[in-house]
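Taken from Swiss-Prot, the feature Zn(2+) binding site applies to 236, 242, 308, 310, supported by experimental evidence. Per Swiss-Prot, compositional bias 'Acidic residues' is recorded for 386-397. The feature compositional bias 'Polar residues' is assigned by Swiss-Prot to 512-523. According to Swiss-Prot, the domain 'JmjN' annotation covers 16-58. For 144-310, the entry in Swiss-Prot reads domain 'JmjC'. Under the heading region 'Disordered', Swiss-Prot lists 370-414, 423-442, 480-598.
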């Protein structure tokens, strides 16, 4: 078998290739992989390998029924129209036998089907029904002991450098994971951690369907996902690594994104290549095994892999050792940040290099004595908390932070009856991951090998790894820090809206000429945008800046027992609940609160406007006579304010409700600094998917039709009305952009045009299908409104608005205008009835943000707007002894009380072997060490913790924290110890829930009031007193009362 040298790339169509090696070819994994890439297999991002018939990884699978799946996950899917979000809920542990019975039961079994195409249709049609259960992330291998060919536990690739040089084991990444699937269990769209290779072998059972997107088109999928899920995208630039996003093939086809699909049968391998996005599902009960690996070609991908920045538990591997060992000629340049390299996705990996050969030779010498030696890794089990602070150790250039994730144990019963616990931290390759502990009976201990060296212990986290990677669960998981390098700017498809600076806001005293504002089509450039795509930008072919050395040595993983460095890759989503609302839901309107509806007299009575947000709109209400000059003045003024686009401003209001009226007035009275006279481009804030509400519109064009390649769009101003918009937001084709450009309204000389969806004039208008006009921002935010022509934002369809919405009254303008018109939107918080016009809410400063499909905009009224800094600032206030404060009494009401003493308590933070976490463990509860005398143990040290149930649990120590407790005394003399966050000073504003239950202590006439515990226990329950009206009818005989009671119960049963 020769590695072909080809000048032109093979496999130009990027189709998934299938290989059938002979036994001789099959013996050398790395050599055959290089051969596959020489044929162009890597261009598809996925390839199938059918091993020789005589090769068997395991002779019999009948003895794994007692294998324990410690943390199965139930996959709940929400969404519609080919766009879905997957949530994972952890279930009780079960054995493989129990799981198989469940998978084959009537509820979860595979439906009848004609062929795989028919089954695929049924999968996408029924995806949101009957949430399946997935047995994922079981750390270990079920290969037989003597199998050396393509043994997933020891592939002997360059990724092994991580464990050999740094002593770090990342479970699921460089150790194998087992996965037990059933019909419809899914692994969502993702690439591997650090964009590594992965290998997946289907041991037995029903097939598995795969979808793959060529690496050279990966960026297109990312942009599409950013458009459909803007909220997730703004929260994390690499949100696809959360493995929660499902996009159907029909949607990919409509957007022209190339993809291919293939079915993996039992006994076949699937290999994914660097930066190859893939997804898929199981046809029924099966068992697969997978892990990650690497080649020399991967190193350049690893340098620029886009990492998840919103969680601490994502895998991040320091590339320093790989560059130093396998790219020594580029090492110094790379350390200096000058190693700029363009990734060629078509280039195959070399069969070998001098550096790889030298490394393999050294490795063989070391491994000769223990070539076939594998032992179980010990792990710790323990409950885990949702949030933990990072604690790290420096180990051979690797930073080992405190695992934020939950670990589960794999227990293997050895013949010596010694139980070995394995921790499952983060899953890595092709299967959805779930933190897992599995128990193997004594007769199984001879057949199941656990990956790892004798000196290393495995860690098992509660993270779930998707089918071919990891999935998300509802619990928090151990954290492998994935923070992006500080020196490399992160760029995302959408920028988080900046808050307008008051100095930029201005309101001219008199209407000015539009020519001064629209002189050059009003374009603005954002100066802070990076010109080079960086570490956070993924694998866009072209720029690959090097990472400075300061960050390269930060391979962060959870610390492991006995000084070994071990971690597992984790892909579970943080605790969150699936959306329970419907985009079309209307909430019955009630009287608005005083907080949201100030009593303001009608402007029509020419009374002076007192609200700062409404002052600039005084001449724009539709009940006033049309005033085109006032519209020009308003449009010209807001064109100078960020975001400079009359449509994007939906997500960045000009008015700041938190500011004083004087501040807001000053912003509008500030003079214009200077008029923009040079063309420029900025990134629109409104994602393209907000314009495409239903899948019906998807066929019109791909997203961002009028965007530049870098995601920016030209800002252009109308020569007459001075409104400024992005070309992409307003739908302006490039051939129409010119000096003197006119908006749709000015082209038709519709000087008196007004929006049919609100009560305000001005802004960017487009014509509706019934020949009226509507603000583009109103059409985006009102759920039932559609753009018939999405790219050009024309032919707005307002005919689907229900009567209930048209009857809603705006809390902002109902006292300013006499008529009820337009269509209101409502707060997205629960069933909040607050309603308002889009432009009224925008002018008043109501927070609106892009939401994930199938929702458009997430709206938060003032009542539900949370300021995260309020509570933290309150907790910073010092409380002293003798101070009068307010806190909760035992009777659940709040009273004034006096601080009698302030004490501090040191708590230890430990992670148990099962992955759970405790932040409030007392030092004396650690029985394996006298912490009161010797002090705390070393970070990462294994300890024994005595739990309140009296049992001892294994755990790892991760740090300590100090909590202050306040002993307070109420007027009735009772005392209680409270934390700072439960105490309010007299000068703090009390939350509503506290105000509602705040009381003033009375005399001791009602003693029971101050003994809530007794009341709850029922010891002081008030006796019932018989009414005088029924004294003559009361029978004291208990036998008679029992007879009546039994007779009554019999009568009730007969009626039922």
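Positions of Cβ are set from backbone N, Cα and C atoms, glycine also.
Features as recorded by Swiss-Prot, highlighted on the structure.
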residue: 236; record: Zn(2+) binding site; Cβ neighbours (10 Å): 18
residue: 242; record: Zn(2+) binding site; Cβ neighbours (10 Å): 26
residue: 308; record: Zn(2+) binding site; Cβ neighbours (10 Å): 22
residue: 310; record: Zn(2+) binding site; Cβ neighbours (10 Å): 15
Original post:
In the domain 'JmjN' (16-58), how many residues does DSSP assign to helix, to strand and to coil?
Top reply: 18 helix, 7 strand, 18 coil
Subject >> pLDDT averaged over every residue in the domain 'JmjN' (16-58) >> reply: 94
Original post:
Given the Zn(2+) site residues 236, 242, 308, 310, which other residues of that chain have a Cβ within 8 Å of the mean position of their Cβ atoms, reported in sequence order?
Top reply: 232, 235, 237, 238, 239, 241, 309, 311, 314
**OP:** Return one of helix, strand or coil for residue 310 (Zn(2+) binding site), based on DSSP.
**Re:** coil
Original post:
Looking only at DSSP and grouping its letters into three states, which state does residue 242 (Zn(2+) binding site) belong to?
Top reply: helix
